[in-house]
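Pulled from TrEMBL:
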TRANSMEM  A:6-26  transmembrane segment
TRANSMEM  A:38-56  transmembrane segment
TRANSMEM  A:62-80  transmembrane segment
TRANSMEM  A:87-107  transmembrane segment
TRANSMEM  A:119-139  transmembrane segment
COILED    A:138-207  coiled coil
DOMAIN    A:216-456  domain 'Histidine kinase'
Amino acid sequence: MNWADGESYVAIFVAFFVIRYVRNFLETPTRLPDWDMYFKRIWLTGFILMGLGEIFPRPWLIWFQLIVFLSIAYTVWQLYDLRPARTLLFAIAPYAIISCLESLVKSLSHSFYKKTDDYFESGATFSIIWLITFAVIAANQKKSLEKIRLEREKEAEQRRIIENKKNELEYLVAERTAEITRQKEELEEALKELKTTQTQLVQSEKMASLGELTAGIAHEIQNPLNFVNNFSEVSIELIDELEEEHAKPDRDVELETEILADLKQNLQKITHHGGRAASIVKGMLQHSRTSTGQREPTDINALSDEYLRLAYHGLRAKDKSFNATFTSDFDTSLGLVNMIPQDMGRVMLNLFTNAFYAVQQRQREGGDPNYKPTVTVSTRCVNGEVVITVSDNGTGMPEAVKQKIFQPFFTTKPTGEGTGLGLSMAYDIVTKGHNGTLEVDSKEGEGTTFKITIPA
Amino acid sequence: MGSAGMLKILVVDDEPDVKDLFQQRFRREIRNEEFRLDFANSGEEALSYLNGHASEVILILSDINMPGMSGFELLRQIRKDFNTPPSPVVMMITAYGDPNSEQMAVDLGANDFLTKPLDFAVLKQKLKEIV
């Protein structure tokens, strides 16, 4: 049999197309690029086998068919996870087996082949139908896989878009967060500064009230000092007179007794006025001293009286024409009350200063020629609580002002005259420092009354 | 000089100890009946006193800063209501010796302006000139 007969060329030709189809179908150039290099040339082995001719044991066609089928099987094996690939192998298998068997039988025993020719014919027909059927199934599988793949790609694309959006949003959020954090830090810084400023303001409020006091203090010390000096001088005169009388032969005993009584009285007055000055200095030191925050038994009547005078003279030192009556109505049975004297002194001073300011304002308005500016302080013990009231018949205040007076930095005084911290500090001292209450009652044009209540 | 018609000096001050101080400072003059000292604790009290003793009072020493009626107000009233000659000499006394107060006192008709602490030697000299 001639090697180069028509059947051989047809076989090579068919192998070429089958391999081309398989390569296309399974996309081996992209899926298995390394193997595809050889696979696409497999059909050429037909010519090699043809060329080798006699050397190779016959029949060469079987070898060629085996090479082609095994190469396809190997390809499918490599792509085992791909379902259409398996189906394809399944499609090709019967045809491959039958055609190999046919070629084998044909070459081994031609007579036997002649006898069984019909079986092979029908087997080949069946295997071709099988092949086509499964090729179609494989194609469909491939198509649906492709569809799924496309969907997945679409999904992946969408996911990527969503991911991008998410990243974008996250970037924005991070940016905003950074901005907010920066702003928060700035605000915290500002708050810190404000707190420092407030501390400084509270300090300067203390100093300002001390400044307001200095004139009052000076006056209040000057007065008793004058008496101390005057009574000392007059006592020296009295002693001179007494010595003179003593030297006389006819001593006037009655006069001597009178002079001695006066001397004693003067020395008592010196002690009294000296004590007055000393208590004012003590009060001033206490006022300027940082509060210990310690409660101690305090004579609230004496404290009130002292600050009432200081406030009055403090204001009068600034306005020489100012004149007011101040009266005190003290409950002498109160005794000593536990409180922080520096702090409560500050509260009293503030209330008195405000009261005198209010009566001064009303006096300046000059509406009533018979107006008598009056400030009154009273102390009482009511149900085991100490009640201190500070009343004035000054300008009073409208409801809108009354609502705000305990707020920090609220002031009705012209800029630069009040810090607006006085009453807010007073409120804190009474409520937080002494568990008490600070109430206000006011009528515009008639006056104001502040009432401090603290547990005794 | 009979005691009812004796020349009187009225001292007006809200500090009660001023009375003791003046009485001791002018002890000799009072004993020698050169003049008589009377005291008022407020402007109002001073005015009511003057209503009874206007003609006898030759000198009024008044503090300016007092609760209620101030020294200036008292001075204004004196110059208004007790001006029959011989009108009393009025000296204003204050702890705040500022030019404004002094000018105001002069404007209201004060004869003199003294600042605390009082120099009694100077005051005695001034009194001698008047009496």
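For all residues, glycine too, the Cβ spot is worked out from N, Cα and C.
In TrEMBL, annotation is done automatically, which means it is predicted and not curated.
Counting only same-chain residues 6+ beyond the ends of the transmembrane segment (A:62-80), those with a CB under 8 A from a CB of the stretch are 11-12, 15, 18-19, 22, 26, 28, 31-32, 35, 38-39, 42-43, 45-46, 49, 56, 86, 88-89, 92, 96, 99-100, 103-104, 107.
Same-chain neighbours of the transmembrane segment (A:6-26): 36, 39-40, 42-43, 46-47, 50, 60-61, 64-65, 68, 71-72, 75-76, 79, 82, 84-85, 88, 138-139, 142, counting only residues six or more beyond its ends whose CB sits under 8 Å from a CB of the stretch. If you take every residue in the coiled coil (A:138-207) and average the pLDDT, you get 90.
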